[in-house]
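Now, the feature entries from TrEMBL:
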{"type": "ACT_SITE", "residues": "B:Glu81", "note": "active site, proton donor/acceptor"}
{"type": "ACT_SITE", "residues": "B:Cys113", "note": "active site, acyl-thioester intermediate"}
{"type": "ACT_SITE", "residues": "B:His237", "note": "active site, proton donor/acceptor"}
{"type": "BINDING", "residues": "B:Asp29, B:Cys113, B:Thr154, B:Thr204, B:His237, B:Asn269, B:Ser299", "note": "(3S)-3-hydroxy-3-methylglutaryl-CoA binding site"}
{"type": "BINDING", "residues": "B:Arg202, B:Lys242", "note": "CoA binding site"}
{"type": "DOMAIN", "residues": "B:2-167", "note": "domain 'Hydroxymethylglutaryl-coenzyme A synthase N-terminal'"}
{"type": "DOMAIN", "residues": "B:221-305", "note": "domain 'Beta-ketoacyl-[acyl-carrier-protein] synthase III C-terminal'"}
Amino acid sequence: MAAPRFWREIPNRYNLIGTKCGNCNKVLFPPRYICPHCRRMGKLEPYKLSRRGKIVTYGVVHVAPEGFEDQVPYVLAIVELEDGPRLTTQVVDCDPNEVKIGDEVELVFRRIGSDNEDGVIYYGFKFRKV
Amino acid sequence: MDVGIIGYGVYIPRYRIRVEEIAKVWGEDPSRIKQGLMIEEKSVPAPDEDTATIAVEAARNALKRAKIKPQDIGAIYVGSESHPYAVKPTATIVAEAIEATPNLTAADMEFACKAGTAGIQACAGLVEMGMIKYGISIGADTAQAAPGDPLEYTAAAGGGAIIVGKNNDEALAEIEGTYSYTTDTPDFWRREMRPYPKHGGRFTGKPAYFRHVLSAAHGILRQLKLTPQDFAHAVFHQPNGKFPCQVAEELGFSKSQIVCGLVVPKIGNTYSGSTMIGLAAVLDKAKPGERILVVSYGSGAGSDAFSIQVKEAIEAKRDSAPKVDDFFNNKIYIDYPTYIKYRGLLVR
């Protein structure tokens, strides 16, 4: 990943800053420039999402993409946050056999990846069981 | 001084390795090591944890207790000897992650295990002279130890954060005074580009740890005209369990005064986090009015001593974030191969 692309997304990745539409009150993550429901009537403002949610569904990764090999087997889940939006995230610090749909999770700050040994390190959100 | 602690928070990774597991690999007697170092197990960072992630978690927990606007923080210092970058501050990552940017000063500090307490002093100075409203100092490390080195039993990971502000009603403790003792003593070091530190073996004891911790403790007692009997608790830097117990005895502190802040047997030596987590463990339990002596130690070498008096606000703030005991009890044991894989020593 190019450093500027990551840098642009720091508020979303570090602190779950999404957008909320002042017209339909829907909360959107990742943030949008145009409300997909209200189109030109939408009034989007930055919105800080809840740091807690529930596992909607999950899978256990055994064959990982580059950079995640040493973490297998690990849980990749779709989490629904308390304020509505769903996001795909790793669930860390747990035995994959102990994860269930409906489990409550909370945000943690972790290393996501890096550009080689001498590149930029990317940080962001993952979740852990409460 | 007119300075207080507004909030405090810690973070300790969930993984642990027992002394037995390491001793088995090197053919050593675990009971001798457990007795000699007074340590049972140590914390190990997950593969996606480093000093920056630990510092962020500790700072977020401190903010939960402080209940202040992050934008009111005027200074962030992160003390560590395992910053993820050689050049690029950990402090900016923390500042962004707690939403304190952009109107603040920030820097990384390094002084072996005492850079976090040096940061508290820097923040206290800035608060005292009115340059900032609040400052946050974090001590965090993912300590390195060469396989087979005695340090492998103790080098752990964790961090503590202290938010400093004026000594008003929102302060959960007052910082009554601070005193430092510093000399050029080469007891422990790591050269540029080297993965593991080297140390002077027994030289790390008397002329290093004991001389500096004792001198700083005597210094602050003299400065504030206090005696060990004036303190309910004392926290000394904890490279192992033995050193802080010996230093306490030499100064005239009883076992009951240090037991609350002695965290090393359960998590190991968290380096820059050690004294900060010890202080947090005391603040988790201390009553208003109780006085705490805190003395850090950083190889190289120096000690920072603080006299801290707990205030009423502690009761309302204490339960707003996880306590040190919560981290003690929430753990997953790993074996030695997993440990060296997580530490990046086993590469496929």
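All residue numbers here begin at 1 and follow the chain in the order shown.
Using the three backbone atoms N, Cα and C, a Cβ is placed for every residue, glycine included.
Positions of TrEMBL features highlighted on the structure.
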residue  : record                                           : CB count, 10 Å
B:Asp29  : (3S)-3-hydroxy-3-methylglutaryl-CoA binding site : 10
B:Glu81  : active site, proton donor/acceptor               : 24
B:Cys113 : active site, acyl-thioester intermediate         : 30
B:Thr154 : (3S)-3-hydroxy-3-methylglutaryl-CoA binding site : 25
B:Arg202 : CoA binding site                                 : 10
B:Thr204 : (3S)-3-hydroxy-3-methylglutaryl-CoA binding site : 19
B:His237 : active site, proton donor/acceptor               : 29
B:Lys242 : CoA binding site                                 : 16
B:Asn269 : (3S)-3-hydroxy-3-methylglutaryl-CoA binding site : 29
B:Ser299 : (3S)-3-hydroxy-3-methylglutaryl-CoA binding site : 26
From recorded positions B:Glu81, B:Cys113, B:Lys242, the one whose Cα lies nearest B:Ser299 ((3S)-3-hydroxy-3-methylglutaryl-CoA binding site) = B:Cys113
Ask   = What is the biggest Cα to Cα gap, in Å, among B:Asp29, B:Cys113, B:Thr154, B:Thr204, B:His237, B:Asn269, B:Ser299, the residues listed as binding (3S)-3-hydroxy-3-methylglutaryl-CoA?
value = 28
Query = What does DSSP call the residue listed as 'active site, acyl-thioester intermediate' in the simple three-state scheme?
reply = strand
Query = For B:Lys242 (CoA binding site), which DSSP three-state class applies?
reply = helix
Message = Please count the residues of the domain 'Beta-ketoacyl-[acyl-carrier-protein] synthase III C-terminal' (B:221-305) that DSSP assigns to helix (H, G, I), strand (E, B) and coil.
response = 38 helix, 17 strand, 30 coil
Query = Cα-Cα separation of B:Thr204 ((3S)-3-hydroxy-3-methylglutaryl-CoA binding site) and B:Lys242 (CoA binding site), in Å?
reply = 13
Query = Checking the recorded positions B:Cys113, B:Thr154, B:Arg202, B:His237, B:Lys242, B:Asn269, which are within 10 Å of B:Glu81 (active site, proton donor/acceptor) at the Cα level?
reply = B:Cys113
Ask   = Given the recorded positions B:Arg202, B:His237, B:Lys242, which one's Cα is the least distant from that of B:Asp29 ((3S)-3-hydroxy-3-methylglutaryl-CoA binding site)?
value = B:Lys242
Query = Want to know which recorded positions, from B:Thr154, B:Arg202, B:His237, B:Lys242, are within 10 Å of the residue listed as 'active site, acyl-thioester intermediate' at Cα; which are they?
reply = B:His237
Task = Using DSSP reduced to three states, classify B:Thr204 ((3S)-3-hydroxy-3-methylglutaryl-CoA binding site) as helix, strand or coil.
result = helix
Query = According to DSSP, which of helix, strand or coil covers B:Thr154 ((3S)-3-hydroxy-3-methylglutaryl-CoA binding site)?
reply = coil
Ask   = Looking at the recorded positions B:Arg202, B:His237, B:Lys242, which ones sit with their CA no more than 10 Å from the CA of B:Asn269 ((3S)-3-hydroxy-3-methylglutaryl-CoA binding site)?
value = B:His237
